[in-house]
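The annotation disulfide bond is assigned in TrEMBL to Cys446-Cys464, Cys458-Cys473, Cys475-Cys487, Cys482-Cys500, Cys494-Cys509, Cys511-Cys523, Cys518-Cys536, Cys530-Cys545, Cys552-Cys564, Cys572-Cys587. Annotation source TrEMBL lists domain 'SEA' at 76-192. According to TrEMBL, the feature domain 'CUB' maps to 203-319, 327-434. Positions annotated as domain 'Peptidase S1' by TrEMBL: 596-832. What TrEMBL records for 33-56 is transmembrane segment.
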Amino acid sequence: FCSFFSKQGHNGHHERIDFLSNKEKVSKRKTGLLVGVLLAFLVLAAVAAFLIWLFVCEFINSFKHKATLSAQRGPQSQVFSGHLKLAGVSYDQNLEDTESKEFKDLASTIQEIVSLTLEIKKPSFISLFLFSCIFEGVIAYYWSQFDIPPEDLDVLPEFSEERVLEVLESGLKAQRFSSIHITEVTTSLTDPRMARSPTARDCFFRLEATENGQEFSSPGYPHGYPPKSRCQWQIRASEDMAISVSFPFFHIEDDCSDDFVFIYDSLSPDESQAITNKCGQRPPSNPLEVVSSGNIILINLITDTDVQRPGFQAVYKAIPSSMVKTCGGVLIATEGVITSPLYPSFYPPAVDCKWSIKVPAGKKVRLKFTMFRMKEPGVDIRECHKDYVEVMGTKYCGEMSSLSLTSSTNAVDLTFHSDESYTDKGFSVQYSAFDPTNPCPDMFACASGICIGKEMACDGWNDCGDMSDEMDCKCEKDQFACKNGLCKPKLWECDRVNDCGDGSDEKGCGCEENEWSCGNGVCLPQDVRCDNKKDCEDGSDEASCINSPGICSAFSFKCNNNDCVNKVNAECDRIKDCSDNSDEEYCSKPYKLSRIGGGQNAELGEWPWQVSLHFMTYGHVCGASILSERWLLSASHCFVTSNPANHVPSNWQTYSGMQNQYKYDGVQRLPLKRIISHPDYNQMTFDYDIALLELSEPLEFTNTIQPICLPSSSHVFPAGMACWVTGWGAQREGGQKAQLLQKASVKIINDSVCNVVTEGQVTSRMLCSGFLAGGVDACQGDSGGPLVCFEESGKWFQAGIVSWGEGCARRNKPGVYSRVTKLRQWIKDETGI
Ligand code: 4AZ
């Protein structure tokens, strides 16, 4: 076992020769000291280094003429790592002892040869070239680093794995050493942080796995790992053993681009043999547990942030290779369970298994997967060209929450394949024989062949997973019969959400030509329009009366000079309707950064009016929105509680421009000067759940800090409109607060439906938004945050303040928000905004 030198090439001087200090001996394999082998090793190492150098030299020459890039950019490190498999080589155990003469001789000779090569032939534009190797039996693990100076960065795209491999392979084919042959070579581009760092030696460990579990943990555990750590644990076991590493405790920073653990089925950080990379927190009920395919494994911890997280605790042990490699078989029982090897641990790389299930003639086999996770970066789940389960000619991979299959005969094969890279939790499948003439005695038979309770059929929920339990149902009186055979609650009809899936519940909801359509979908005769009488529940029949200028009704936009504009949503539509321009004042500027859609995490600056309110030492507890440099809007119930400390402004801190609760770049933290809760706020009913917060100093607006537009009291947010709610609240009922700001699209729900589903608890100061089908909602910790809607005018308006709800995301229990339009006048009275 050897590890070699580092050579700093900037000045051409050798800086140091590092030998790893760990003296443990590992392998008990056959020994045989061969001076020739030593020589062969060093020649081999020199050859590899030389070949890589040749490759670099050759093609950099061809690119030299274009190499004049800005010197402002720093040098770029390119690291390649991989292994060389050697044949015809005997192994010398003394090489495992880094203190042995053999090891030192070999290390220094290789150092001499390679540095000599570099001194003479080093291209001036490669500032650092390193070659390091670890011998494990007949495998040499290596990595090479090139630091390309700024002026030569043009060549970077050409530093591809393919080119390096090509050069290595063709060079090795031409090798002239009779005693050894390279039977395999791999090369992969590697994150430079993984291969080497000046501090890596402070955190480098070689461990020997035995059948008794032993422990190691990340530096500083459990108090927190230091930033900029580059730690490596190389674990080995004796031949015919594999290694299992489990992490009973795992809590690394959530953002994997900062901190992460990378595990390899190799001793070098070779991407083609990566087992997995993980960050974040894992619950003890679902610990990370991985296994190697052979008797080596490498664990790297990279940390870049200052955010302190406890780190991990790991237990490693040697397990017989047979446990890893032996799988599959013939199964003749009428029921049983099949799992991927070592389940619930991650399955090992590079295994193939085949199970043949045979049940009595006349029966068929039902397969119900209770776990299916075979996710791998860059895999198209329609092709499954890497790890997969194959049943009846179809390959399955990725992640599936429900997969049920039935055989066409009384026999079925299930094969499992894992390739050399990336493994996952695997699968667990229950199989059972069934009688095709009566597949589900006393139960409902899904089209997939699985059985579910009779009461689950036609209940509006997709219990089979393929909707077959919800087809051809006889709908109850309080249900709507969808065209496609589904039954949905009558309440959901004409709520502007396609609950049936085929749109039939939303068809025929529009109004006739001679009718006026109210915002809540109600149709009234056309002559209700502009008769100065509120006919629609939401007043929308009086909100579009452009032919009645100057007439002020409750549905007119009132200019600052008391003129009235009878136009729907006149404010901030970029049209000057008021003679004093007051309809176009206080409109937040369109945000400059681009919006990135998809997913639940919000981007930095995507919701620039969102504020996080921290209370004493509790961290984030409520949300708020920015109205102006001095004023924030939030919910009264965040401040008026049984704890009087909640009402003390100095106990609160406001964070504007924030996305990640642990990152403060560009964030403005300001204390509160005053909390004004609505005087009519009712702690029992949550009526008037609104509060204004005056900042002790003004905010400075930036790209990520901007105010939200307040709607005028006549603004209509019609039912069915898609709006957005944002916050760091719990991501599910009873769950933990989010670290990254979350966003969710929710629909405005019509008031009469809102009243029914909340059993009459909503007042006119409240509105419902969400989905009656459940699944998307605000939750604890989002309170006080904004519900905002994008208007055709190109502006975002705040329609609501997160207030309350029965649980979170429950069916028929949408979120309830304070209705900003109804409280608009009070905001103006208190703040002048
Ligand atoms: C809360 O406790 C809370 N599902 C906020 C919103 C909702 C429920 C609870 C709406 O702050």
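The backbone N, Cα and C atoms fix where each Cβ goes, glycine too.
Projection of TrEMBL feature records onto the structure.
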{"residue": "Cys458", "record": "disulfide bond", "Cβ contacts under 8 Å, 6 or more apart": "Asp469, Glu470, Cys473, Lys474, Cys487"}
{"residue": "Cys475", "record": "disulfide bond", "Cβ contacts under 8 Å, 6 or more apart": "Ala481, Cys487"}
{"residue": "Cys482", "record": "disulfide bond", "Cβ contacts under 8 Å, 6 or more apart": "Lys488, Asp499, Cys500, Gly501, Asp502, Ser504, Asp505"}
{"residue": "Cys511", "record": "disulfide bond", "Cβ contacts under 8 Å, 6 or more apart": "Ser517, Cys523"}
Inset, instruction - Could you put numbers on the helix, strand and coil content of the domain 'CUB' (203-319), residue by residue per DSSP? - result: 4 helix, 61 strand, 52 coil
Legend entry - Cβ-based isolation winner (fewest other Cβ atoms within 10 Å) among the disulfide-bonded residues Cys464, Cys487: Cys487
Legend entry - Cys564 (disulfide bond) versus disulfide-bonded residues Cys446, Cys464, Cys494, Cys509, Cys536 - nearest by Cα: Cys536
Legend entry - Number of Cβ atoms other than its own within 10 Å, given for Cys530 (disulfide bond): 19
Inset, instruction - Spatially speaking, which of the disulfide-bonded residues Cys446, Cys464, Cys536 is closest to Cys572 (disulfide bond)? Use C-alpha to C-alpha, please. - result: Cys536
Legend entry - Cα distance (Å, whole number) from Cys530 (disulfide bond) to Cys518 (disulfide bond): 13
Inset, instruction - Based on Cβ atoms within 10 Å, give me the single least packed residue among the disulfide-bonded residues Cys473, Cys494, Cys536, Cys564. - result: Cys473
Inset, instruction - Measure from the Cβ of Cys518 (disulfide bond) and count the other Cβ atoms within 10 Å, all protein chains considered. - result: 22
Inset, instruction - Specify the secondary structure state of Cys487 (disulfide bond) as given by DSSP, simplified to three classes. - result: strand
Legend entry - For Cys572 (disulfide bond), the number of other Cβ atoms found within 10 Å of its own Cβ: 23
Legend entry - Fewest other C-beta atoms within 10 angstroms, as judged across Cys446, Cys509, which are the disulfide-bonded residues: Cys509
Legend entry - From disulfide-bonded residues Cys446, Cys464, Cys530, Cys536, the one whose Cα lies nearest Cys494 (disulfide bond): Cys536
Legend entry - Most crowded position, judged by CB atoms within 10 A, among Cys500, Cys523 as disulfide-bonded residues: Cys500
Inset, instruction - May I ask which of the disulfide-bonded residues Cys509, Cys530, Cys536 is closest to Cys464 (disulfide bond) if we compare their C-alpha atoms? - result: Cys509
Inset, instruction - Could you round the CA separation between Cys509 (disulfide bond) and Cys536 (disulfide bond) to a whole angstrom and send it over? - result: 16
Inset, instruction - Between Cys536 (disulfide bond) and Cys530 (disulfide bond), find the distance joining the two CA atoms and give it rounded to the nearest Å. - result: 11
